[in-house]
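*Asks:* Dumping what Swiss-Prot says about this protein:
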BINDING   HIS52, HIS54, HIS109, ASP126  Zn(2+) 1 binding site
BINDING   ASP56, HIS57, ASP126, HIS164  Zn(2+) 2 binding site
Amino acid sequence: MRLTALTAFADNYIWMLIDDDGAAVVVDPGDAAPVLALADQGLRVDSILLTHHHDDHIGGVPALQARFPGVRVIAPVEERIPTATERVGEGERVQALGRMFHVLSVPGHTRSHIAFHTAEHLFSGDSLFSLGCGRLFEGTPSQLLASMLKLGALPAQLLLCCAHEYTVSNAVFARHVDPANAALWQRQEEALAMRRDDRSTLPVTLANEFDCNPFLRVHTAPIRASVSAHLGRDVVDDVDVMAGLRHWKDGFRA
């Protein structure tokens with residue numbers, strides 16, 4: 001099965017797993033047009049996986065349902081996704097095109113955000129980005145921490161397939177927070193080179209994120225010290241670190 005990413009809008013990725021017969025599992029199709037362009041060449045959409053209700057992730061679903069009647073649309077338990085045909089939550093499994101997709105509840109960016117992972121890939125939506133995480137629109141720092149801990153416990157060899165190309169901008173903040181991290185410096189240089197060549201910085205291994213992403217490293221001494229210095233006081237616990245780090249990122253200007 002082949003992994004591919006379609007670009008949409010300014011920086012979205014629509015991830016797809018395509019089998020040898022041209023059938024696809026499509027993740028977060030905010031825009032139907034790039035998927036339909038492949039459908040005109042023979043692609044068949046078997047299933048759609050949705051991580052959360054934001055329109056840049058679900059906006060293309062009605063057009064895909066019109067093109068592929070009966071297509072499965074698998075989404076979180078969320079009334080703001082009326083196109084869903086199946087709703088799933090923490091610990092459930094979805095079988096599609098012979099692959100098993102495990103469902104994780106990862107609230108923070110939204111209250112009902114989920115992620116899907118196979119034995120090879122993590123489709124994280126807007127919960128986890130390379131070198132960053134999603135802004136807290138509906139969740140709490142405590143929920144965000146729990147979600148990051150859950151994602152941080154996944155196998156290191158999984159490939160992170162997140163929904164936005166934010167790596168270069170996230171790297172600037174991450175290096176500001178963790179300037180002595182040599183692995184982070186290397187990741188930034190690689191990402192800059194990729195973008196100069198108009199290449200995607202994704203997917204990336206979770207192992208790399210474990211080494212470089214400050215939101216997966218709130219328990220470490222460098223991140224705690226940096227957040228404490230930014231706040232002008234000692235942090236209380238990991239929730240305090242996460243809250244301070246997320247608020248810092250929200251207002252950060254390079």
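Cβ atoms are placed via backbone N, Cα and C, with glycine included.
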*Asks:* Could you state the CA-to-CA distance between HIS54 (Zn(2+) 1 binding site) and HIS164 (Zn(2+) 2 binding site) to the nearest Å?
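*Replies:* Computed Cα spacing between HIS54 (Zn(2+) 1 binding site) and HIS164 (Zn(2+) 2 binding site) is 13 Å.
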*Asks:* What are the sequence-distant neighbours of HIS52 (Zn(2+) 1 binding site), meaning same chain, six or more residues apart, C-beta distance under 8 angstroms?
*Replies:* PRO76, GLU78, HIS109, THR110, SER112, HIS113, ILE114, GLY125, ASP126
*Asks:* How many other Cβ atoms are found within 10 Å of the Cβ atom of ASP56 (Zn(2+) 2 binding site), counting all protein chains shown?
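*Replies:* Summing over all protein chains shown, ASP56 (Zn(2+) 2 binding site) has 18 other Cβ atoms within 10 Å.
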*Asks:* I want to check the contact list for HIS57 (Zn(2+) 2 binding site): same chain, sequence separation of six or more, C-beta distance under 8 angstroms. What comes out?
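*Replies:* The list for HIS57 (Zn(2+) 2 binding site) reads ASN12, ASP28, PRO29, GLY30, LEU50, THR51, GLY125, ASP126, ALA163, given in order along the sequence.
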*Asks:* Given the recorded Zn(2+) 2 site (ASP56, HIS57, ASP126, HIS164), which additional residues of the same chain have their Cβ within 8 Å of the Cβ centre, ordered by sequence?
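*Replies:* So the additional residues around the site are ASN12, ASP28, GLY30, HIS52, HIS54, GLY125, ALA163.
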*Asks:* Could you check the binding-site residues HIS54, HIS109, HIS164 and say which one's CB has the most other CB atoms within 10 Å?
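*Replies:* Within the set of binding-site residues, the most crowded position is HIS109.
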*Asks:* For the recorded Zn(2+) 1 site, enumerate neighbouring residues of the same chain (Cβ within 8 Å of the Cβ centroid of HIS52, HIS54, HIS109, ASP126, site residues themselves excluded), in sequence order.
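*Replies:* Close Cβ neighbours, site residues excluded: THR51, HIS53, HIS57, THR110, HIS113, GLY125, SER127, GLY134, PHE137, ALA163.
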